[in-house]
Structure formats: structure tokens, C-alpha cells
Amino acid sequence: MAFINENYTKLPSSYLFSDIARKVTEFKTAHPDANIIRLGIGDVTKPLPPAIVEALHKAVDEMADASTFRGYGPEQGYDFLVNTIVENDYKALGLDISSDEIFVSDGSKSDTGNIGDILGLDNIVAITDPVYPVYVDTNVMAGRAGDLQANGKWSEIVYLPCTAENDFVPELPKEKVDIVYLCYPNNPTGTTLTKDQLKVWVDYALKNNVLILFDGAYEAFITEGDVPHSIYEIEGAKEVAIEFRSFSKTAGFTGTRCAYTVVPKALMGYTKSGEKVSLNKLWNRRHTTKFNGVPYIIQRAAEACYSPEGKKQVKDTINYYLTNAKIIREALSTQGLQVVGGINSPYIWVKTPNGMTSWQFFDYLLSELNIVGTPGVGFGPSGEGYLRLTAFGTLENTREAVSRLKKILI
Ligand code: MLT
């Protein structure tokens, strides 16, 4: 018999969103007639834009023809996609990211989870709290998190609370840390950092030799204010940050799967004896060993997001979700609930009314209003007393949800 990785036994038995899905299924079984509106997991509802569907069809036809058929592609992504990403997501912003710094993958969930493969187990990890659970759970799996304590925190992880008290802006860690996960626009709070606020983090990382793992999965939702689209807009960031970007929420790829990660060549890690090692080289080694590339047809679909029609259609979809976000945010605020997010973001973070816990509010919404949210405490101890709603529903369902939410008595 094989020994197991015992770190897995420390984890709560199921992943947050699996837990919620199970509760919703149980409720649905008990109440088959309930018209449940799902504003829980951040999953998109709009179909793929036509320009992307067209590119998919064309690529499928190529795969059906011996002269254009493709087998294994480059693990890092085909040049046509990598170069398009460089041009549109970086050169267009005046940023100098080169094609060999881009690694196309099947998702930011995988990449933010897998990045730990190339990082030592002794690193001290800091996370903003509340946080996307993947960052914490994958560090538990690796053995970097220590033990779960009664206060809901892992003993070896440094928590950076983001609460109403600090306007949801994390303060710099007081203790020495080696790695910080930042996600902006933020999941789950829907808040953003301005350029100046992000600069504080880059400067801190440069000064203290800290690696920033910057999750920009919701970048496409940035439409107003002085909010950076990439961490590399901040001077020096190429020396301290890895950036994760995704087509999932941008272009409806949650079921199609395509993302990319930027690992700048200037970014160094260290051996215990103090020798510098290129993280780009290490990630390339990992990626080529454990991954065989995103399917050709999917990469053609991702490329189509950047054509003139693709860009316009993607933008329309984003605006559709942002309209939903505005509807939810305004309705909840009008009702007197405390709300953040929903601007430059598909997530709305709402304070539970009447002193309810996150799970009490979740249960109330599900059983009384048949609306599914995500309990804030599922994202970390500082999420207690909050609930996250998403703007990824249809406009009709969002309107219906809002009219039901008006029944909440405060
Ligand atoms: C979420 O709801 O936080 C996201 O859908 C999770 C994900 O993108 O993996």
C-alpha cells in the first residue's frame, strides 16, 4: 500500500463550491418546484461570442483535414496566440513582455494552484482575507499552511484582513513573508486597487524580496478609474511578480478552458545557498513536463477574442454582466445593506443583515428567496458576516433576484 500525502487529510472534506453545490442539490430535491436563481459560483451564462464560435468551427475543420491537422502543439502555446496576447494585453499598454514569458494553460485555477510546484516548502505565504480558496487549499496540500486552528486560520499562513475597517485594502504584512497572493479586481470582495495602492505592494516586494502572485482573472471588468490592467504597469513589477490571466470570465471560457501565466525572465528565486535561479526557466520545465498544451481549437478560439469583432463582442458581454452588477449593487444599497464591489468587477460583497452569520444568510436566501449566494466565511475568517453575489446570471434572473431581495427585512 502506498502512503498518502497526509496534508490532504488536514483539508476540510470538500472544496467550498462543491459544498455549496451539494447543499443546493439537496434543497432542490426537497423542493423540486423552487425556481432557484444561482448567484453563487462565478460561472458565466452568456454563450461564446459569435466570432469565437466561428474560429472554433474553422479550427475543427482544420483538424478534420490531413493537410491542416495538428497533434501536440508547443506546451507554452502556439505562436499565433502568444504573440496576439503580447500585442494586445501588453504592448498596447506600452509594456515590454516577450513571447517566451507567456505560458498558455487550461486555467488560472490550475496555474495558481500549480505554481507552488516550483516554490520551496519553507516559504512563508501571505494571503488577503477573504480570499479565493484555491490559494490556501493548494498550500495546505503542499504542506506550507501548518494546521487549521479554532479561529479558522492556518497556523503558518499570514492573513491580511480586508474588511470595512481598512476599506478592503490589505495592509502590508508586519511579519517576514516570502510570497503574497494578490487578486485584483478582487475575488471575492469585488474591490480594486488603484495604481498607487498596487505600487505600495510592488515597492514592498522589491525592498523585501517578496514574490507577488498576481491573479488578474477579472481584468476585463476594469472599465473605470485609475485601476491598472496588469501589475507590470507598476515599475519594477517584472522583478517581483507573476501574473495570471484567464479567458474564463473575459470571454465565457469557464467550460472551454484557456488562460495564461506571465513569468518574466527578470524574476528570480533563490536556492537555500543563495544562488539565483530563473523562475521562468523553472516554470517552463514544470509546464513542459506536466502539461501538453491547450487544444489547438481552443487556442484559435482564444485568439479570436482579440479580432476587431471578437473584441467588440467580448466587451458587450462584459458590459452585460457589469449591468447586472450595477442592478444588484444599487438594489442592495437602496435597501440599506452595506455593499462593496460590483464596479470593475462581477462580484458584489454584501454585509449580512441583522447580525446573521454568513451561513445563516446563505440558508435564509436559499430557503426563503430561492437565491444561491456564497457565504463570505467560506473565503476566510474575515469573510464572516458577509455574502458574495455574482453578476454572471442572466439579466432576467438578476432582475428577478433583485425583486426577491427587496423582501429582506432589515
Ligand atoms: C468563483 O466563484 O470564485 C470562481 O468561479 C471560481 C473559479 O474561477 O474557479
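Keep in mind that glycine also has a Cβ here, set from the backbone N, Cα and C atoms.
Of the listed candidates (TYR90, TYR132, TYR270, TYR364), TrEMBL assigns TYR132 to the same substrate site as TYR15, GLY42, LYS109, ASN187, ASN292, ARG388. Of the residues proposed, ARG38, ARG144, ARG257, ARG300, the one TrEMBL records at the same pyridoxal 5'-phosphate site as TYR72, SER108, LYS109, TYR132, ASN187, TYR218, SER246, PHE247, SER248, ASN292 is ARG257. Between TYR132 (substrate binding site) and SER248 (pyridoxal 5'-phosphate binding site), the C-alpha separation comes to 15 Å. Residues GLY42, taken from the binding-site residues TYR15, GLY42, SER246, are distinguished by a CB atom under 6 angstroms from ligand 1. Summary: among the binding-site residues (ASN187, SER246, SER248, ASN292), the fewest other C-beta atoms within 10 A of the C-beta are counted at ASN292. You'll find the Cα of ARG388 (substrate binding site) roughly 16 Å from the Cα of LYS249 (N6-(pyridoxal phosphate)lysine). Following the DSSP three-state reduction, the secondary structure of LYS109 (substrate binding site) is helix. Spatially, by CA atoms, the binding-site residues TYR72, SER246, SER248 include one closest to GLY42 (substrate binding site), and that is SER248. Taking every pair among TYR15, GLY42, LYS109, TYR132, ASN187, ASN292, ARG388, the residues recorded as binding substrate, the greatest CA to CA distance is 35 Å.
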